[in-house]
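Participant: One structure coming up, written as structure tokens, with questions to follow.
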Amino acid sequence: MGIMEILMIIIPTTLLWAAPLIFTALGGTFSERSGVVNIGLEGLMVIGAFTAIVFNLTFVDTFGAFTPWVSLVAAMVVGILFSLIHAVASITLRADQTVSGVAINLLAVGVALFLVKRIYDKGQTDIIQRGFSKVDIPILSDIPVIGPIFFSNTYYTSFVAILFAVIAWYVIYKTKFGLRLRAVGEHPMAADTMGINVTKMRYYGVLISGALGGIGGGVYAQAISSDFGHATISGQGFMALAAMIFGKWHPLGAMGAALFFGFAQSLSIIGSSLPFLENIPNVYLLIAPYVLTIIALTGFIGRADAPKASGVPYIKGSR
Amino acid sequence: MSSRLQNILVPIIAVLLGVLVGTIIMIISGFDAVAGFVALWDGAFGESYFTGETVRQITPYILAGLAVAFAFRTGLFNIGVEGQLIVGWLAAVWVGVAFDLPKIIHLPLAVLAAAAAGAFWAFIPGFLKAKYRVHEVIVTIMLNYTALHITNYIIRTVLSEKSDRTESIAETASLRSPFFESLTDYSRMHWGIVIALICVFIMWFILERTTRGFELKAVGFNQHASDYAGMNVKRNIILSMVISGAFAGLAGAMEGLGTFGYASIKGGFTGVGFDGIAVALLGANSPIGIVLAAILFGSLKVGALNMPLQAGVPNELVDIIIALIVFFVASSYLIRLIIKRFSKKGVK
């Protein structure tokens, strides 16, 4: 097997697995940058995956080829609504943000499976007819060398994810909104003194994370799993959380980390078909994202520091 | 209203609100709510078999709750109970399968192996927190998945020949109890409940009756003050995680030596570790509170299995109720506001 063929297998698979992680990790970045820890990313992905699949199954006849994209919008909207619970609890009601996030995860699985059984009378949905499918991207796939490796046999969603990462970087670092968001996450009292509405900015942060987490789940469900059951989302949300930390709370860093984790995931799946990897137990690839994140946190690969006010509810007037 | 009474009222109101919203969900979804709750009750206590199963479920819940609560008291959030539990489960089964010893040595050895494995798995985040100031929440989450994949790998390659489960443990390492089984119509209730209750006492004793426990709590209240008072904050952080992990490992032993008698490949988590967070939170991190909360959640969880059969209600309803209870306890600010409002009216 030549290097070209290997790359043609690995890179599209990496992009496929990375896309949901990129979306969700970006969501986490927005939330944490505003000062709200969001352990509930996993739950948001669950809700997104559930919504996308149900919407897709129900409206496939109406929207035809556009169904997966419309379903993604539905997943985004429901993700926003669901993250509102986390926002109300952790911002307005001053709940412990980690506990609230854990509750989001428990609630998402409960609600999604409850509704699946209510709607379909079984524990798992049918398989969707129209998911995201492999495409050769027009024009770009004709470029020699790069074309076949990056733009053939791939999914549009992966490139949308990368585009989102660039947009997120622009929003967080180059706009007034982003400056305020970061200010609220670093030093809410100072931001408040300058007339920034801390509560509003934090609501934005959490709701954006709901939107992106919902999209992430929707992408995973429609590109990878194709149905929804209790094990559809199993750890992708936490892996996205890891990507966000590994990327040092920076949108492009999060994207890079998500791509790397997607690479590790894809190797653990297709590794046995690659000549140089068949003898390595895939457990190493499975645990790599998590172990690397721990190592990154201990500071061996440059220190990763969370936004300063992350995890602390802001109470006006308290010191 | 005294703060003591408020502390008791908050969890009670949270449970009532959770059940209320659960009822509303059932009604909106077109289910018969009364039939649903009757099925839930029957499923938990209707027959002696179900009661035995409920006690079986309460056992790991108590230990997982203790694990979360013990770390909480030192100001640490151990979300890694799930991973420590899985590691403990594997260690217990490993000892149970590998050795051939008389029961009086074998069983304690297997139980201790579980505690040691869980303690080790929790030592890592404790050490990293103390030494590198890494937040324990992230590390424990990452270690959950690491534990899941590593134990699956060991079960598949070391403890079996590419099979999905290990062989069953030797009878000498089993917690199974013919006495409880005959009492409860052959449920899987086992001796573990005794171990769990002993651990409740141990936690109370450490925290309330020893100098070390006082230090652990002091660190939880204020690290800087404890440091200033001459306590070794770092050592206390590590110790707290280690003890917490030992409880979590024991919860794994309950599953490995009591309920199942083997370890199998897992596609996802058991959920006991995360429910332990709910138990600790509802029980306000106090030993007695944890027992009560574990009884509530254990009954809900086992009773729920009867809901689809008897009332056609999906058992996930109970997961929703548990999640809502966690929300309401976490948002106790809201409940305290309501109590304040009401008690003021009473004064007028």
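Cβ atoms here come from the backbone N, Cα and C positions, even for glycine.
Features from TrEMBL:
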- B:12-38: transmembrane segment (TRANSMEM)
- B:58-76: transmembrane segment (TRANSMEM)
- B:83-99: transmembrane segment (TRANSMEM)
- B:105-124: transmembrane segment (TRANSMEM)
- B:136-155: transmembrane segment (TRANSMEM)
- B:189-207: transmembrane segment (TRANSMEM)
- B:237-254: transmembrane segment (TRANSMEM)
- B:320-339: transmembrane segment (TRANSMEM)
Participant: What else in the chain is close to the transmembrane segment (B:136-155), if you only count residues 6 or more beyond its ends and a Cβ gap under 8 Å?
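Facilitator: For the transmembrane segment (B:136-155), the far contacts come to 71, 76-80, 82-84, 86-87, 89-90, 121-122, 124-126, 128-129, 164-166, 241, 263-266, 268-269, 273.
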Participant: So if I exclude everything within five residues of the ends of the transmembrane segment (B:237-254), which remaining residues of that chain have a CB under 8 angstroms from its CBs? That is, six or more out.
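Facilitator: Residues packing against the transmembrane segment (B:237-254) from afar: 59-60, 63-64, 66-68, 70-71, 73-74, 76, 78, 80-81, 84-92, 110-111, 114-123, 125-127, 129-130, 136, 175, 190, 192, 195-196, 199, 203, 206, 212, 216, 219, 272-273, 276.
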Participant: Look at every Cβ pair spanning the transmembrane segment (B:189-207) and the transmembrane segment (B:58-76), keep those 6 or more apart in sequence, and say whether at least 3 of them are under 8 Å.
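Facilitator: Between the transmembrane segment (B:189-207) and the transmembrane segment (B:58-76), contact is present.
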Participant: Counting only residues 6+ away from its ends, which parts of the chain sit with a Cβ under 8 Å from the transmembrane segment (B:58-76)?
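Facilitator: Tertiary neighbours of the transmembrane segment (B:58-76) are 84-85, 118, 126, 129, 136, 190, 192-193, 195-197, 199-200, 203, 207, 216-217, 219-221, 223, 236-237, 240-241, 243-245, 247-248, 250-252, 254-255, 258, 272-273, 275-277, 279-281, 283, 285-287, 290-291, 293-295, 297-299.
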Participant: Cβ under 8 Å to the transmembrane segment (B:12-38), counting only same-chain residues 6 or more beyond its ends: which ones?
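Facilitator: Here the qualifying positions are 282, 296, 307, 310-313, 317-318, 320-322, 324-325, 328-329, 332, 335, 338-339.
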